[in-house]
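One structure below.
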Amino acid sequence: MIDFLLSVSLTACLFLIFKAFEKQRVHLLGGIVVNYWVCTLSGILLLPDVSMPASTEVLLPWLPFALFLGFCFISTFYMMAYSTQKVGVSAASVASKLSLVIPVIFSLLFLSIEQRKQWDAFNIAGMFLVFVAIVLSSLRPRYTPQSVEWRGLALLFAVFFMSGTIDTTLNYVNAHKLNAQTQPLFTIGVFATAGILGLLVVQYKQWTQKERVIGMRELIGGIVLGLPNIFSLYFMLRSLDFFKQDGAFMFPIFNILVILLSTAGSVLFFRERLSIVNQSGIFISLLALFLLAYQELLSVFA
């Protein structure tokens with residue numbers, strides 16, 4: 001459970017750091033690329049049991065997934081940033097948070113997991129309330145779906161699909177391809193792939209557009225972002241072990257708690273105001289959280 005709470009807290013910190021990027025005028029792409037290399041280096045130095053395997057047979061089961069996820073990480077971060085600029089923060093947030101439906105459905109339909117949690121009507125109701133809570137918590141007064149053009153909608157669907165693909169792949173790989181010894185190396189491999197691809201994009205922009213992407217602000221911002229980023233993924237993988245690989249149960253709770261914690265942080269540190277709609281979303285998220293986990297909560301007092 002400690003791993004789960006650490007992953008939630010560190011993930012919420014990422015959203016607050018991105019908010020700070022905007023305040024400090026940090027180039028988003030540059031900060032993200034530096035962050036991935038900080039993740040890679042800090043993972044090598046700080047994560048436990050990081051060592052190259054003696055045989056390539058140890059790498060083969062998960063290496064293709066690490067390369068694929070590295071591409072997904074850098075491209076999804078970039079699309080989220082671009083959609084935030086072109087469509088709006090609220091719309092991009094809704095698209096990324098609603099993506100939790102993808103790993104949930106995948107877990108319920110395709111993963112054969114022993115001792116799977118038996119879902120009842122209250123759990124299913126909580127699952128639907130998750131979507132309502134995420135939408136209401138993300139909406140801002142100026143958000144109007146009619147104002148979003150078809151090109152913007154396509155971008156939002158891309159963010160939705162890619163975010164869900166990342167969570168689904170992490171759940172699958174952790175259940176079928178990884179163990180306690182290979183988890184740290186896999187985590188580093190994902191970030192290293194994203195860092196290499198990010199550097200290629202940065203070099204392309206500098207050569208073709210003469211745009212300076214990485215400076216002192218980006219170096220500092222990338223370091224601040226990188227440390228919680230690497231450990232948020234590492235502790236998420238360990239959390240899946242705690243939940244017996246049941247992503248259908250873990251991911252809704254995880255995303256709801258991240259929304260609550262990041263919202264509280266934005267109000268506390270950035271004086272963000274919440275409308276009645278936003279407050280309703282937070283209340284519904286608490287109700288959804290209880291319905292999703294009421295068996296476990298009641299068993300504590302049984």
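Glycine is no exception: its Cβ is also placed from the backbone N, Cα and C atoms.
Keep in mind that TrEMBL annotations are predicted by a computer and have not been checked by a curator.
What TrEMBL records for 29-47 (among others) is transmembrane segment. Long-range contacts of the transmembrane segment (29-47) within its own chain (CB-CB distance under 8 A, at least 6 residues past either end) are made by residues 21, 73-74, 77-78, 81, 184, 187-188, 191-192, 194-195, 198-199, 201-202, 205, 213-215, 217-219, 221-223, 225-227, 229-230, 234.
What TrEMBL records for 59-81 (among others) is transmembrane segment. Cβ atoms under 8 Å from those of the transmembrane segment (59-81) belong to residues 28-29, 32-33, 36, 53, 92, 96, 155, 158-159, 162-163, 165-166, 169-170, 172-173, 177-178, 182, 186, 189-198, 201 of the same chain, restricted to positions at least 6 beyond its ends.
The feature transmembrane segment is assigned by TrEMBL to 87-109 (among others).
Taken from TrEMBL, the feature transmembrane segment covers 121-140 (among others).
Annotated transmembrane segment per TrEMBL: 152-173 (among others), in sequence order.
Through the fold, the transmembrane segment (185-204) approaches residues 29-30, 32-33, 36-37, 39-40, 43-44, 47, 50-53, 62-63, 65-67, 69-71, 73-74, 78, 173, 178, 213-214, 229-230, 233-234, 237 of its own chain, all at least 6 residues removed from its boundaries and within a Cβ separation under 8 Å. What TrEMBL records for 185-204 (among others) is transmembrane segment.
Sequence annotations record features per position, and here TrEMBL assigns transmembrane segment to 219-237 (among others). With a cut-off of 8 Å between Cβ atoms, the residues of this chain six or more beyond the transmembrane segment (219-237) that come close are 3-4, 6-7, 10-11, 13-14, 17-18, 20-21, 24, 26, 30-40, 42-43, 47, 170, 174, 178, 183-184, 186-187, 190-191, 254.
If you look up TrEMBL, you'll see 249-270 (among others) marked as transmembrane segment. Non-local neighbours of the transmembrane segment (249-270) in the same chain are 4, 7-9, 11-13, 15-16, 19, 23, 97, 100, 103-104, 107, 117, 126-127, 130, 133-134, 137, 167, 171, 236, 239-240, 243, 278, 282, 285-286, 288-289, 292-293; each lies 6+ residues outside the stretch with a CB under 8 Å from one of its CB atoms.
Residues or ranges marked as transmembrane segment by TrEMBL: 276-294 (among others). Beyond its flanks by at least six residues, the transmembrane segment (276-294) meets 122-123, 125-127, 129-130, 132-139, 249, 252-253, 256-257, 259-260, 263 of its own chain at Cβ-Cβ distances under 8 Å.
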